[in-house]
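Written out below as structure tokens is the structure these notes cover.
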Amino acid sequence: MFKRTVILLAGPTGSGKTAVSLKLAPLVDGEIISVDSMQVYQGMDIGTAKVSLAIRQAVPHHLIDICHVQETFNAVDFYYHAIQACQDILSRNKVPILVGGTGFYFHTFLSGPPSGPSPDFALREQLSLEAQERGIGALYQELVELDSAYAATITKHDKNKIIRALEIIRKTGNKVSSYSWESTVNESKEYHCRGWLLSPDPELLRHNILERCDQMLEEGLVDEVRSLVALGIKGNTSASRAIGYREWIEFLDAGSPVERFEDTKQKFITNTWRYTKKQRTWFKRYPLFRELSPMGMTLGDIARKIAQDYFLCG
């Protein structure tokens with residue numbers, strides 16, 4: 001069958017993915033889908049280098065600010081949200097551009113979701129309305145009564161998971177806990193994917209990370225973390241352990257001692273650098289992502305190269 005083309009733009013933290021994507025989107029009449037496991041959370045702005053609202057108004061973005069920090073969000077959630085976003089973008093004859101550095105989310109998008117029923121967006125909308133009317137706590141209690149085993153694996157704040165679980169139960173009559181959630185390759189996926197991996201020189205990347213971490217601190221990262229702690233981020237293991245957040249949560253928990261600031265900053269930088277190594281290793285396992293070194297190229301040059309490839313092959 002005919003497959004619509006989707007652009008994938010990956011790379012390690014600090015490689016310039018966001019800047020390139022903002023140049024690329026107008027060239028192909030595209031909209032951006034964030035492939036970042038932390039940008040889904042409201043309030044996690046500075047530490048995730050989230051683009052501003054003004055930029056998002058100029059270039060439409062998807063999968064940003066869709067969860068409260070007390071909710072959990074994983075690769076399965078990402079898959080269904082990303083597919084829905086792709087369908088929406090393509091229905092308006094625009095081009096989906098998936099941009100980010102969360103390798104496992106790209107893997108899930110490419111390989112297909114774990115086994116389980118397909119989403120029922122109408123039923124999901126109905127459940128969302130019920131959550132507004134009855135409260136998410138009431139829906140969680142309903143889930144406890146219908147599938148206590150699965151309910152025990154999440155919290156009463158996990159709105160997305162509670163709604164998805166009740167969606168499955170109401171649609172199929174089966175418990176969520178009865179399904180196998182191991183990922184399988186989906187050979188019949190409907191998208192033709194053109195993948196690119198930004199791979200800057202390690203020294204340039206290290207320089208970018210140093211600047212990035214300094215800039216985040218200047219913009220108020222510590223105050224952002226303090227606000228998120230007040231909102232309950234420590235109850236979300238995934239969000240509270242994210243690089244750029246866990247280091248400063250520990251700093252605040254210790255009473256914000258001045259003498260520990262520089263050590264915490266260095267830990268923040270070191271952890272970010274180590275993560276980029278893991279990202280590069282992950283993406284190089286996938287031949288779909290063609291490596292692109294930005295050396296000697298402007299952001300516009302890179303965007304034009306990707307756009308040219310899209311028009312030739314898309």
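The chain as shown is numbered from 1 upward.
In case you wondered, yes, glycine gets a Cβ from its N, Cα and C as well.
Taken verbatim from Swiss-Prot:
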- G11, P12, T13, G14, S15, G16, K17, T18: ATP binding site (BINDING)
- T13, G14, S15, G16, K17, T18: substrate binding site (BINDING)
- 36-39: region 'Interaction with substrate tRNA' (REGION)
- T102: site 'Interaction with substrate tRNA' (SITE)
- R124: site 'Interaction with substrate tRNA' (SITE)
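Within the chain carrying the region 'Interaction with substrate tRNA' (36-39), a Cβ under 8 angstroms from the stretch's Cβ atoms is held by residues 47-48, 50, 63-65, 73, 78, 100-102, 105, 238-239, 242, 245, all 6 or more beyond its ends.
Highlighted in sequence order, G11, P12, A19, G101, L198, N208 have their Cβ within 8 Å of the centre of the Cβ atoms of T13, G14, S15, G16, K17, T18, the residues recorded for substrate, and are not part of that set. The binding-site residues examined here are G11, P12, G14, G16; by Cβ neighbour count within 10 Å, the least packed of them is G16. Spacing of T18 (ATP binding site) relative to T102 (site 'Interaction with substrate tRNA') is 13 Å (Cα to Cα, whole number).
Note: the region 'Interaction with substrate tRNA' (36-39) comprises 0 helix, 0 strand, 4 coil (DSSP; helix = H, G, I, strand = E, B). If you count neighbouring Cβ atoms within 10 Å for each of the binding-site residues T13, S15, the highest count belongs to S15. According to DSSP, P12 (ATP binding site) is assigned to coil rather than to any helix or strand. In this structure, the CA atom of G16 (ATP binding site) is 36 Å away from the CA atom of R124 (site 'Interaction with substrate tRNA').
Mean pLDDT of the predicted structure over the region 'Interaction with substrate tRNA' (36-39): 97. Taking the recorded positions K17, R124 in turn and counting surrounding C-beta atoms within 10 angstroms, the largest count is reached at K17. Distance noted between the C-alpha atoms of T13 (ATP binding site) and R124 (site 'Interaction with substrate tRNA') is 34 Å.
Packing around T102 (site 'Interaction with substrate tRNA') is summarised by its Cβ count: 19 other Cβ atoms lie within 10 angstroms of its Cβ, all protein chains included. Put simply, T102 (site 'Interaction with substrate tRNA') is 13 Å from G14 (ATP binding site) when counted between their Cα atoms.
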